[in-house]
Every structure is written in structure tokens, then in C-alpha cells.
Amino acid sequence: MYLNVKKAHRLHKASFSFFSNLIDHCLSSKSLHFTKVIHAQLIKLGFNTNTFLGNRCLDLYSRVGTISDALQAFDDIANKNVFSWNIRLRVFVKSREIDSALKVFDEMPERDVVSWNTMISCYASIGLVDYAVEVFGSMLNDGVRPSGFTYSILVSSVTCARNGKEVHGSMIRNGINFHNVVVGNGLIDIYGKLGLLDYAFAVFLRMEELDVISWNSLILGCCRSGYDRLALKQFCSMIGMGHSPDGFTMSTAITACTNLRDLDKGKLVACLCIKLGFLSNTIVSSSVIDLFSKCNRVEDSVRIFEERDVWDSAVCNSMMSSYAWHALEENALQTFVLALRENLRPTEFTLSCVVSCASVFCPVEQGSQLHSLVVKLGFESDSIVASSLVEMYCKYGSIDYAMNIFAEITERDLISWNSMIAGLGYNGKVVESLDLFRKLLEKGQPPDEITLAGVLLACNYGGFIDEGMLIFSSMEKGYGIPPRNEHYTCVVDMMSRAGKLKEALDIIEKMPCEPSSEIWRAIIHACEVHGDLKVTERVAEKMMELEPNSSLPYLVLAKEYELRGRWESLVRVRKAMKEGNVKKVVGCSWVGIKACVFVFGPDQVLDLGGKDIYSILRLLMHDMDDEACACQPSSEVERDG
């Protein structure tokens with residue numbers, strides 16, 4: 001069109017609407033060359049005095065040109081208005097030049113709601129929420145009435161209760177009556193994330209129009225705050241009121257059932273998923289797999305997984321996580337191999353799960369191969385994957401590798417610190433573990449219950465009783481973390497190892513919760529060493545109540561009676577064990593020789609190539625001698641070797 005006009009030498013007669021149409025054409029074609037030609041002709045014919053066309057050219061440059069092009073177009077506008085300045089401001093915001101944007105904002109002779117929204121959006125987009133809220137306050141002080149879009153920006157970025165309430169209060173004062181469903185949904189979402197369900201429900205009930213996002217935000221908020229039954233109640237209300245759920249709704253409802261370990265309700269929701277055709281949805285399938293797994297129905301998880309027509313990374317991750325939850329590490333690794341054969345690219349969650357499984361099941365060589373895969377895929381800097389690698393190498397005893405990986409993590413989260421602190425502890429590096437804990441505190445990072453469990457574990461392994469008890473006694477007052485069963489287990493085990501059985505029992509008696517079987521198991525092992533019969537009888541009785549199928553209390557008690565020559569008591573214990581159909585669990589060991597892994601019990605060594613295995617055992621005992629932790633071989637080993 002433009003070429004025909006130019007060729008006919010009628011450009012001087014071109015109308016205002018003609019150039020506006022040409023600019024529209026440039027916008028759709030995104031041609032910078034065409035834009036510059038049109039702009040040059042506008043200036044040549046004097047149309048640059050027209051503010052509307054000048055602004056349109058400026059807007060065009062801001063979308064298809066460079067910053068310098070846009071600034072030149074701004075300078076060419078003879079009569080600039082607030083729209084001109086807003087476009088110039090948007091140019092710098094779009095290119096993330098915050099200082100330049102702020103300078104333009106301060107220089108503006110006039111600001112409207114768009115100007116303020118642009119600046120608020122600028123700060124919100126880079127995570128400077130407090131600055132965004134501050135600009136919002138200045139906007140109100142300047143007498144500019146916020147629009148629905150203003151609030152939609154703010155509610156989507158607010159991260160604390162104070163700011164959320166400020167924005168909500170301003171909406172009420174300015175007469176925003178939640179006609180804008182986006183704003184209402186944003187407020188419900190932010191209050192749900194912050195656990196302020198009363199405020200979330202207040203907004204929800206005031207909204208004149210509800211959509212599926214409104215319901216999803218409310219149901220998810222209930223789940224996040226731990227009110228899973230309330231989440232299911234809202235889900236039922238949604239269905240009862242005739243609102244159609246989507247895949248996210250169904251997934252959240254199933255997650256609520258999973259958190260409650262309510263298999264019956266979970267099955268009902270899963271049946272509704274099938275009826276509505278949502279089971280093919282990735283997040284729904286993943287949630288159903290997780291439901292069955294957490295409710296100890298892993299075979300149903302496998303069935304859901306295998307019946308899918310198409311696998312993707314999320315579903316495979318859920319299946320691997322389910323296997324790992326049930327300590328089926330080999331199955332998890334097999335699923336990982338299947339995913340690779342399906343050309344599914346592993347995610348950071350995939351690799352974290354696989355590395356964790358490998359630390360339990362695989363020899364160190366295969367763990368190193370997984371580490372190489374992590375590097376090849378570019379996930380070595382991911383804190384979650386790196387933390388799993390740290391944990392893996394710690395379990396392998398390769399503490400130097402673990403320390404190197406930990407040192408290279410640029411942004412360490414608490415999981416990374418926890419993995420390294422615990423890893424140092426159970427590798428005998430107790431002093432280093434406690435030093436790392438102190439460094440964590442010096443950085444101002446508050447520990448969680450896992451951190452403190454790792455520190456107590458280190459104190460336990462190192463025999464640092466005073467340090468361990470000091471940390472344990474300061475858990476609630478110093479860190480605001482009430483001790484849980486795992487913390488009591490560490491402390492009881494620590495006291496028991498030191499021969500302080502009565503003190504260990506005193507700790508158990510003062511527990512605010514019912515002691516777990518692991519706590520009694522920790523103390524009964526010490527009874528074998530320190531031989532206090534009264535304590536042994538009491539602990540064994542408790543263990544028999546909590547773990548009726550465990551042979552450990554019977555065997556420890558029988559050994560104590562045998563050592564003291566109390567034959568009648570010995571016969572009584574063995575009879576009770578037989579009548580209770582309690583089977584002795586035979587221990588086993590395994591040794592990797594080249595590509596073969598030999599698993600053997602005490603009577604199977606010679607059948608599985610005993611000479612080679614004993615060669616490995618002697619090397620291991622030699623290494624333990626060097627580490628001053630040698631154990632004497634049994635007479636059976638000496639005799640058979």
C-alpha cells in the first residue's frame with residue numbers, strides 16, 4: 001500500500017488514518033526497516049506534530065526496535081503527553097533497566113494510573129515486593145485511584161501477611177467490590193499461602209462471581225494450612241453447587257485424602273476422576289499414584305502407572321517416589337531406566353530420587369556413574385540434586401567427595417546443610433559436623449528438626465554427651481522446636497551407649513508422647529553390653545508389646561538369663577518365642593566382586609566362593625585397623641578361613 005502511494009507521488013496527501021493503518025501493518029509484520037521508513041516520512045511531512053501518531057510510532061519502536069530507536073522517537077514528538085511518557089517508561093521496564101525507569105518516572109510532569117501500575121509491576125516482576133507496595137502507597141498519597149489491574153499486580157506478588165492485608169484494606173476503602181474475579185482469586189490465593197484462611201473465606205464469600213480458579217485457590221489454601229477435611233468439604237460444596245472441577249481441583253482433593261491417609265475417600269475421588277475423564281491428566285495420575293502409595297497400596301500405584309497409555313516425567317517421578325517410600329529402591333531404579341528408554345529427560349526431582357535410591361542399593365561405582373549423568377545433564381548446581389549427591393557420598397563413606405560437592409553449591413538451602421551435617425556425623429567426623437552446625441547458625445539460618453537430629457546423631461556417635469544434652473535441652477527454648485521421637489531416640493541411645501541406662505530411662509519417662517519402638521530398641525542394644533538385668537527385663541517387655549514379631553527382645557533376654565544360669569527363665573522365654581511364632585531374623589552381608597554381588601549369611605560363605613569373600617573381609621579388617629576401629633573376627637570365620 002505504502003509503495004503504491006509513494007510511486008504515485010501522492011504521499012503529501014496521505015491522511016491521518018492512512019498513516020495509522022500503516023503503523024498497524026508494521027506492528028503485525030514487526031519490521032524495523034518498514035517502521036523507520038514510515039517514521040521518516042511522518043517527520044518529512046510534518047506529522048510529528050501530531051501527538052497521537054508520534055505516540056503510535058514510539059509504541060511501535062518500543063515493541064520492534066531498540067532502546068535508542070525508542071528514545072529518538074520520543075524526542076521527535078513535538079507535544080508530549082502522559083501517554084508518551086508512559087511508553088518511554090515501559091521501554092526501560094521491559095529491558096529491566098530499573099534505575100533508568102525510576103529516573104523517567106521521577107521526571108514525568110504528569111502521572112496517571114498506568115504510570116503507577118507500570119512502576120509497581122516493574123518492582124513486582126523482579127521480586128522487590130516491598131518496593132512495589134511502597135510505590136502503591138505513594139500512588140494513594142498522590143490521590144490516584146488504583147484500578148483492578150493495580151490490585152491484580154499486587155495480590156499476585158505479595159509474600160507476607162502485612163502487605164496482603166494492606167492491599168485488601170485499600171481495595172475495600174476504594175470501593176473495589178470484587179467484580180474483578182482475577183483480583184479476588186489473587187487475594188484468596190495469597191491468604192491461602194500465608195495460612196490466613198479466615199481472610200481467604202471472607203474474600204471468597206464477598207465475591208459476586210466464582211470460577212474454577214476461585215474454588216481451586218480456596219481448596220488448595222485449606223490443604224496448605226493442614227485443614228485437609230475442610231478442603232474436602234469445600235470440594236464437595238463445589239460439586240454440589242454445580243461447578244465443574246478441573247484437573248487441578250481433582251489433584252488437590254486427592255492430595256487432601258493422601259494427607260489424611262483416607263483411602264476410602266481417596267477411592268471415591270479417584271472414581272470421580274475416571275468418570276470425568278481426568279485420570280489421563282498427568283497431575284491427577286501422579287496424585288492417585290501417591291495416594292495409593294502412602295496408604296500402603298503400592299500394587300495399586302503400579303497398576304495405575306502401567307495402565308497409562310503415555311508416560312511422562314511427572315508420572316514416572318511419582319512412581320519412583322512411591323517405590324522409594326516403600327524402600328523398594330531396586331524397583332525405583334528400574335523405573336528410571338524405563339523412563340530413559342522412553343526418551344524422557346530426567347528432571348531435578350528424578351535425579352534427586354534416583355541418587356537417594358542409589359545410596360541405599362548401588363555400589364559406589366554406579367553412584368559415580370549417576371553423578372556423571374547429573375553433570376552431563378547440567379543439574380550439578382541444583383541444590384536439591386547436589387544435596388542428594390552429598391548424602392549419597394556420605395553413605396558410601398566418601399566424605400571428601402561429599403565435602404567437595406557441598407563446597408561447590410552456590411546457594412545452599414537447609415537441606416544441603418542438613419545432608420552434610422548428618423553425613424559428617426555418621427562418618428565419625430563429629431567435630432567437623434558440630435563446626436558446620438555452628439557455621440549454619442552464624443549465617444543466621446535457623447535449624448529445623450532434621451538439622452538438630454543430625455547434630456544429636458553426631459554427638460551420639462562421638463560420645464559427646466554434654467554437648468548433645470545441651471543441644472537437646474535447648475531445642476524448644478532456643479530454637480522453638482519441640483523434640484520428636486527421633487530426637488529422643490538419639491539422646492536415649494547416646495546415654496545408653498555411655499552405660500547411663502537409668503538416665504536414659506528417666507528421659508523416656510519424661511517424654512510428653514508415647515515412646516516409639518525405635519527408642520526401646522536403642523536402649524535394649526545397650527543392655528546387651530552393660531548387662532543390667534532389671535533394665536533388660538523392663539525394656540524387653542516393652543519391646544514385646546510394641547513389636548510382637550521382633551525376635552530381638554527375646555534373644556537379648558535369653559542371653560542375659562543364660563549368662564546368669566537362670567535356666568528356667570531361659571526356657572520360659574524360648575517357649576514364649578515359639579508360642580508367639582516369632583522367627584529369628586538371620587543377618588546377611590554382601591560383597592561386590594567385579595560385576596557380581598554376593599549376598600550371604602553365616603552358613604553360606606563357602607558355598608558362594610568363600611576364599612574370595614574372606615580375602616575381601618581381611619582387606620576390610622586391615623582398613624579398620626588403620627582407622628582404629630577394628631573388630632575381632634568370629635571364631636567361625638577364623639576356623640573356616
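Here the Cβ of each residue, glycine as well, is placed from N, Cα and C on the backbone.
Positions annotated as repeat 'PPR' by TrEMBL: 81-111 (among others). Counting residues 6+ beyond its ends, the repeat 'PPR' (81-111) has Cβ neighbours under 8 Å at 51, 54-55, 58-59, 62, 67, 70-71, 74, 118-119, 121-123, 126, 142, 144 in the same chain.
Annotated repeat 'PPR' per TrEMBL: 112-146 (among others), in sequence order. Each residue of the repeat 'PPR' (112-146) gets a DSSP state, and the totals for helix, strand and coil are 26 helix, 0 strand, 9 coil.
Through the fold, the repeat 'PPR' (211-245) approaches residues 181, 184-185, 188-189, 191-193, 195, 197, 200-201, 204, 252-253, 255-257, 259-260, 265, 269, 276 of its own chain, all at least 6 residues removed from its boundaries and within a Cβ separation under 8 Å. Per TrEMBL, the feature repeat 'PPR' maps to 211-245 (among others).
Same-chain neighbours of the repeat 'PPR' (413-447): 383-384, 386-388, 390-391, 393-395, 397, 399, 402-403, 406, 453-455, 457-459, 461-462, 464, 467, 479, 481, counting only residues six or more beyond its ends whose CB sits under 8 Å from a CB of the stretch. The repeat 'PPR' annotation in TrEMBL covers 413-447 (among others).
Confidence for the repeat 'PPR' (81-111), expressed as mean pLDDT, is 85. Sorting the repeat 'PPR' (81-111) by DSSP state (H, G, I as helix; E, B as strand; all else coil) yields 23 helix, 0 strand, 8 coil. When the repeat 'PPR' (413-447) is classified with DSSP, helix, strand and coil residues number 26 helix, 0 strand, 9 coil. For the repeat 'PPR' (211-245), DSSP puts the residue distribution at 26 helix, 0 strand, 9 coil.
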